[in-house]
Each structure stands twice: as C-alpha cells, then as structure tokens.
Amino acid sequence: MSLADPTSDTTPFFSDDSEAEGSEEPGAGPSQRREEEEPASGVSSLRAVFTVIVLCFINLLNYMDRFTVAGVLPDIEQYFGINDGKSGLLQTVFICSYMFLAPVFGYLGDRYNRKMIMSVGISFWSIVTLASSYTPKEYFWLLLLTRGLVGVGEASYSTIAPTIIADLYIKERRTQMLSVFYFAIPVGSGLGYIVGSKVDDLAGDWHWALRVTPALGLVAVVLLLFVVKEPKRGAIEARPEHTLQRTSWLGDMKALCRNPSFVLSTFGFTAVAFVTGSLALWAPAFLFRAAVFTEGRPPCVKGPCDTSDSLYFGIITVVSGILGVASGAEVSRRLRLRTPRADPLVCALGLLLSAPFLYLAIVFAQASPIATYVFIFLGETFLSMNWAIVADILLYVVVPTRRSTAEAFQIVLSHLLGDAGSPYLIGVVSDSLKQTDSYLWQFRSLQLSLLTCSFVAVGGGAFFLATALFIEKDRQRATNYAPTASIQQHYSEDYTQQ
C-alpha cells in the first residue's frame with residue numbers, strides 16, 4: 001500500500017470485490033458493472049458500517065485513556081506528593097502536545113492515506129501509555145513527558161476519523177453516523193473514570209489503571225488495518241477530490257479564516273472544551289474533598305484512596321453523554337424542518353442551559369451531595385448536546401479537500417484557549433485562594449475556582465448564536481464552491497512539481 005495514495009487498500013476482509021462476485025449480469029461491460037456495484041466512495045454499504053464501528057471503538061478508547069488519570073487523581077497526588085497546580089499539568093501537557101501536533105496530522109490527512117497515519121499513531125499511543133504506568137515516584141516529570149507523548153497518537157486520530165465518516169455518508173445519514181461516533185466521547189470519558197477507579201480498587205495500585213487501554217489499543221490497530229477501507233475524498237458528494245483542486249496550506253488557512261461560521265463555531269466549541277476539560281480533571285477530586293469536609297470521610301493520606309466519587313461521576317458522564325448527544329441530534333433534526341439555522345441554535349441552547357446547572361452543582365456540594373449529582377447530570381446532559389452537531393457544522397461549511405486541516409485548526413484553537421490551560425488554571429487559582437492547608441480550604445478554594453466554568457459556558461452560547469447569523473450563507477458557499485481558473489492552473493502546476 002502506498003502511503004501517498006489515499007485510495008489504495010489491500011484489506012482482505014469485507015472486500016468489495018468479494019461482495020460483488022456472482023452478481024454480474026451477462027453482457028454487462030466492466031465499467032457498467034463497476035458503476036452498479038461500487039458506491040461513489042469506493043466502499044460498500046456493509047463495509048462502511050463496519051468502518052464506523054471500528055472508528056467509534058477507537059474514539060472510545062481515546063477518551064477512556066484520557067480520563068483514566070482523572071479517575072485516580074487523588075492516588076496520583078498522594079503517590080507523587082504534588083499540589084493542585086502540578087496535578088492540572090497532567091491534563092495540560094497532554095492537551096498541548098495533542099493541540100500542536102493536530103495541524104501536522106491535519107495536513108497529512110488531507111494529502112496521504114488516512115488509515116495508515118491513524119494506524120501508526122494509535123500504535124505509538126498504546127506503547128507510550130503502557131510505559132507511563134511504570135513511572136517511579138521520584139520522577140513526576142517523566143509521567144508528564146509520557147502523558148505529553150500520548151497526545152501524538154490522539155492527534156493522529158481525532159483530526160482524521162471524522163473526515164472518513166464524511167466521505168462515507170451525506171446529509172441526514174452523515175449526521176446520524178457522526179452522532180454515533182461522538183457517543184464515544186461521553187461514554188469513553190465515563191468508562192475512563194469507572195475502569196480507572198475499579199481497577200485501582202481491585203489491584204490496590206493506580207498504575208494498573210493505565211495498563212488497560214494499551215492492550216485494547218493494539219486490538220484497535222488490527223481492526224483498523226483489516227476492516228477499514230480508505231474512501232475517496234468528496235466522491236460521495238458527487239464532487240470527487242480531483243475536481244476540487246487542492247490549495248496550499250496557507251491558502252487553506254486563509255479560506256478558513258474568512259469563513260465566519262467555522263470561526264465562530266470554533267470559538268463556541270472552545271468554551272465547551274474549557275468547561276469539559278476543567279470538570280473532567282477536577283470534578284471527582286472536588287466531590288471527594290466535599291465528602292471529606294462535609295461528611296467526615298477519611299482524607300487520602302496513604303493510597304489506595306477512596307475512588308467512589310470517580311465511579312459515580314463516570315456513570316453520570318456516560319448516561320448524560322448518551323442522552324445529551326442523542327437529544328441534541330434529534331432536536332436539531334426536527335428544528336431543521338423550520339429553520340436552516342437549527343444547528344448553531346441548538347448548540348447555543350445546550351451551553352446556555354448547562355451554565356446554571358453547573359453553577360448550582362458547585363454551590364450545593366457542601367449542602368447536599370444528592371442535589372450536586374443531580375445538577376451535574378443535568379449540566380453535563382445539556383453540555384453534551386453539541387458534540388455531533390459542531391462536527392457536522394464544520395463538515396458542511398468546509399469543502400472536502402480542506403476538512404482535515406479545518407479539523408486540526410479547530411482542535412488547536414479550542415484546546416489552546418480551552419482545555420489545554422483550563423485544568424492547570426483551575427489548579428493554580430485553587431492554590432492561590434487557599435488561606436490555610438486545612439480540609440476546609442482545600443475544598444473551598446477548588447469550589448470557587450470551578451465557578452469560572454459557568455460563565456465560560458454563557459460566553460460559548462453567545463458565539464453559537466452569532467454563528468446562526470452566517471450559517472446559511474456559508475453552507476451554500478461551500479456547496480457551490482468551485483476554484484477559479486487561475487487557482488486551478490496555479491495548483492495543478494504546484495502538484496505537477498510535487
């Protein structure tokens with residue numbers, strides 16, 4: 001298989017050729033049979049379904065691994081003897097690595113075989129994750145380094161996988177498949193907390209929690225190599241990539257920056273990343289401190305620590321995520337019958353509704369644990385409404401040959417201003433607000449710093465409302481896009497030289 005050939009595939013399983021055997025009609029020419037048997041994407045409907053299933057499985061593993069650390073954070077803090085600021089660095093280092101490498105993989109994903117890029121990246125991610133579980137307690141910096149390298153594998157996958165789904169399906173079917181794909185975010189995140197906390201309890205050692213996803217990652221690589229087939233870019237939209245002349249990376253970026261819907265929705269998604277990044281790392285630790293302060297639970301002086309809050313938070317994340325993604329997609333589908341601006345309006349609604357519930361969850365933590373969990377459930381449900389919709393917005397306001405670059409740009413900006421810094425920021429603010437090192441101020445300082453999330457969510461809602469003003473025009477522009485003759489000539493010469 002040639003890495004530079006985006007449509008080459010030697011996969012023996014679920015082969016389109018084998019599915020077509022015995023179905024030829026006498027007298028039909030080869031071109032006529034191929035036209036009847038092979039979809040425009042070059043991937044059969046059955047294999048397309050299996051492709052989405054494999055991509056969903058890998059996405060689930062990505063988020064499981066990302067939040068396993070948060071599920072055992074009290075143990076990690078006790079083991080290395082670190083404060084809130086250094087704890088926040090675990091997530092920040094990973095996100096920074098992931099963020100800065102995303103443009104590289106976005107560039108490669110628009111030009112080379114996406115399946116091979118993902119296979120190499122996921123293999124690297126699995127090996128590094130396993131290595132991180134053997135970090136000695138005197139070398140916290142080494143754990144930071146390995147968590148940063150994990151971002152290499154995730155960047156290779158997250159920027160590319162949605163574009164493969166976009167090249168397999170269109171319109172409502174694409175939205176449905178993206179919804180299934182993005183179910184893996186809340187489900188995988190929740191399973192990260194659940195698996196991390198339970199493995200920690202069973203093994204009596206938090207290191208084993210980091211050894212679950214690497215084994216599953218190698219299984220994912222095998223499935224990716226032998227099940228997934230690379231579809232033809234843009235062909236499913238009756239606009240194959242050879243009719244959409246590729247532009248330079250700089251040309252792609254200029255076009256994206258002139259796309260108001262893409263830019264504004266990216267800023268809206270940045271607010272989502274800020275809030276989810278903060279809650280993902282700090283919510284279990286905050287709930288644990290609330291229980292120590294209000295319920296008299298024993299503090300974590302020596303591991304293993306009580307991880308029941310991580311387990312409960314993980315269950316809430318799974319259920320609220322499934323409900324939020326499904327309800328967001330369904331509300332958007334119904335609202336599209338009334339207005340073409342449905343998608344950004346639903347995203348705005350989700351963020352604006354999540355803000356008060358997250359605020360109440362943080363405030364009620366010291367008064368009623370049950371009320372706190374209820375408000376967290378409602379806040380996370382509304383927050384999850386936009387996951388699939390934001391991805392769909394990007395795919396239909398950006399032309400096919402720029403989608404991986406657009407995915408990468410959105411990842412960079414949303415993480416740079418969102419969850420790359422928010423866990424560390426929340427930790428630093430928490431440390432600065434502590435007046436003493438008592439259990440009261442360990443809880444109170446983190447509570448005050450987490451209140452920031454509610455106000456950021458309101459700002460994100462405003463960006464999505466602004467997106468609604470431009471969405472219809474930008475969608476039509478992307479649908480009717482055709483490069484000028486001068487651009488076609490320039491870039492055909494450029495690719496000839498390459």
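Backbone N, Cα and C atoms are what each Cβ position is placed from, and that goes for glycine too.
Listed in TrEMBL for this protein:
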| type | residues | note |
| --- | --- | --- |
| COMPBIAS | 1-13 | compositional bias 'Polar residues' |
| REGION | 1-40 | region 'Disordered' |
| TRANSMEM | 43-64 | transmembrane segment |
| DOMAIN | 51-477 | domain 'Major facilitator superfamily (MFS) profile' |
| TRANSMEM | 89-109 | transmembrane segment |
| TRANSMEM | 116-134 | transmembrane segment |
| TRANSMEM | 140-165 | transmembrane segment |
| TRANSMEM | 177-196 | transmembrane segment |
| TRANSMEM | 208-228 | transmembrane segment |
| TRANSMEM | 262-291 | transmembrane segment |
| TRANSMEM | 311-332 | transmembrane segment |
| TRANSMEM | 344-364 | transmembrane segment |
| TRANSMEM | 370-399 | transmembrane segment |
| TRANSMEM | 411-429 | transmembrane segment |
| TRANSMEM | 449-471 | transmembrane segment |
Recorded stretch, among 89-109, 208-228, 262-291, 370-399, 411-429, maximising Cβ pairs under 8 Å relative to the transmembrane segment (43-64): 208-228
Contact call for the transmembrane segment (89-109) against the transmembrane segment (262-291), three or more Cβ pairs under 8 Å: yes
Leading stretch by Cβ pairs under 8 Å, where the reference is the transmembrane segment (449-471) and the options are 116-134, 177-196, 262-291: 262-291
Leading contact stretch, 116-134, 262-291, 311-332, 370-399, 411-429 vs the transmembrane segment (177-196) - CB distance under 8 Å: 311-332
Best-contacting stretch, by C-beta pairs under 8 Å, relative to the transmembrane segment (411-429) and drawn from 116-134, 262-291, 311-332, 370-399: 262-291
Local confidence of the domain 'Major facilitator superfamily (MFS) profile' (51-477) - pLDDT mean: 83
